[in-house]
Amino acid sequence: DPNIIVFWWCCYLLFLVPPSIVKLKEPERRHDTCIEFTVRGSPHPTLQWFYKDKVLLIHMTDYIEGCLTFKNPTHHNNGNYTLKATNYLGEATSTVYGHFLNKPFDVTPTAETQKPEDHTFGVTMAVCLAVFACVMLVVLFFFINKYGRHSKFGMKGPVAVISGEEDSASPLHHVNHGIFSPCTLEAGPDTVVIGMTQIPVIENPQYFRHGHNCNKPTAYVQHIKRRDIILKRELGEGAFGKVFLAECYNLSPTKDKMLVAVKTLKDPTLAARKDFQREAELLTNLQHEHIVKFYGVCVDGDPLIMVFEYMKHGDLNKFLRAHGPDAMILVDGQPLQTSGELGLSQMLHIASQIAGGMIYLASQHFVHRDLATRNCLVGNGLLVKIGDFGMSRDIYSTDYYRVGGHTMLPIRWMPPESIMYRKFTTESDVWSFGVILWEIFTYGKQPWFQLANNEVIECITQGRVLERPQLCPKEVYDMMLGCWQREPQQRLNIKDIQKMLFTLMKATPVYLDILG
Ligand code: ADP
């Protein structure tokens, strides 16, 4: 029947629709970001995504509505995203600009990225300038070495400004447009050279106050005789000298000798000696059960020595890695057995002790600026103490970000205001504590390990935070998020953090049996 045929044709044509893109939404800047889309068309259009003229995804047929999802996008993902929907009746395309993160700041172009200019005069000038810059640097270096500060235990750098104020501002924008000098090139996988622009780097001013707490008189620094210190073996390498296990005589009234850790400073300049003395005064004044015990100094001769209590299990980062799921005890290069893995109660116990040390530091109005597991020490019976008031830049050099050629900053532990304005406060220490929690629950992973330093700066300043580690209870991650509030005043208070940790510990069975 022709009527029936016409009827079916009409029905068929009614349902045939060429493709159209009815929604293509600009991505919002969130943790996991997506470009939402809705397409129409009958038969179902085939979808293709293009980014920078390259096919990104091909032949998605089942989606009429959906999301092009990005996991942790950075500025590298910024750009135009084009969706093409095709069926045999036609095609439709639509483009949206995905802006995920801003570029952190202009990084001085490296030699490879600079376009070579075929201009003899320009090249000659550049070479002359470079040679001149090198000569100036050598001269500067000589003067700094001869007359400059050489602080073993404080943040330092050739452009260091010693300031009495805690919250000195130095906007990160100063980093922009650094003058490239090959002499400052310090290439490394995680190192970004940002030229010789002078970023005022503030040494921790608290190291340079006589008696950081005005109400408390400076305690007398104990002097230990060199003949009373017998070095036994090397424990590690500090930023400015070796750390040794030693036996120390006549230190304790009850024992005739005891094990200690000694930090050495070789060939100090006069300025370095003064810094050493101030550092010793500071350490003498900081006394708490969760701050590593400082016994005194030995300054009769070379090297200068600081004597600390010996913490048997070394630094907490190493300890966490050794007690994580990937840890193996190797005997002759062969895996023997896994060492005991830390459980939840032990992790909480570690965290609460660091919080205890921090409560004390805050009560002394001491801002640490470099709280991280590498700067905590582990003793017998899972006793944990904040153990380093300097910077452990050598062994853990990838944890620090080199600015201005010399100064290293622990950006992965720093909040946005410290990165952007060099503002360090008790609240910025709380942010770092959140990162310490994350380190503990990842068994010592490096925060943002998947990102290069400039990307980390970008992520932190744009408001992204670390992901919840596997096995981390929600309550603990909420605590981390409480430490990572953008507004310093909104962050949790360290006392409240400790209370929360105690509450969680009570709800968790305690098995502190893995260590002797
Ligand atoms: P610096 O502050 O000069 O960079 P560190 O304090 O980081 O030096 O010490 C380097 C290493 O020496 C640490 O990673 C740790 O393994 C070991 N160490 C430091 N102090 C002690 C201590 N009191 N007890 C045991 N080991 C220590």
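Every residue, even glycine, has its Cβ placed from backbone N, Cα and C.
Note: TrEMBL annotation is automatic and uncurated.
These features come from TrEMBL:
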type: ACT_SITE; residues: ASP370; note: active site, proton acceptor
type: BINDING; residues: 236-243, LYS263, 309-315, ARG374; note: ATP binding site
type: BINDING; residues: ASN375, ASP388; note: Mg(2+) binding site
type: DOMAIN; residues: 229-503; note: domain 'Protein kinase'
type: TRANSMEM; residues: 6-22; note: transmembrane segment
type: TRANSMEM; residues: 121-144; note: transmembrane segment
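Shown on the structure are the features that TrEMBL records.
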{"residue": "GLY236", "record": "ATP binding site", "DSSP class": "strand"}
{"residue": "LYS242", "record": "ATP binding site", "DSSP class": "strand"}
{"residue": "GLU309", "record": "ATP binding site", "DSSP class": "strand"}
{"residue": "ASP315", "record": "ATP binding site", "DSSP class": "strand"}
{"residue": "ASP370", "record": "active site, proton acceptor", "DSSP class": "coil"}
{"residue": "ASN375", "record": "Mg(2+) binding site", "DSSP class": "helix"}
{"residue": "ASP388", "record": "Mg(2+) binding site", "DSSP class": "coil"}
When distances run from the Cα of GLU309 (ATP binding site) to each of the recorded positions ASP370, ASN375, ASP388, the nearest one: ASP388
Candidates near ligand 1 among the binding-site residues GLY236, LYS242, ASP388, judged by a Cβ under 6 angstroms: GLY236, ASP388
Average model confidence [pLDDT] within the domain 'Protein kinase' (229-503): 88
Site with most surrounding Cβ atoms, counting all protein chains shown within 10 Å, from the binding-site residues GLU309, ASP315: ASP315
All-chain count of other Cβ atoms within 10 Å of the residue listed as 'active site, proton acceptor': 24
Chain-internal residues, separated by at least six, CB under 8 A from ASP388 (Mg(2+) binding site): VAL292, ASP315, ASP370, ARG374, ASN375, CYS376, LEU377
Nonlocal residues around LYS312 (ATP binding site), in sequence order (Cβ under 8 Å, 6 or more apart): VAL378, GLY379, ASN380
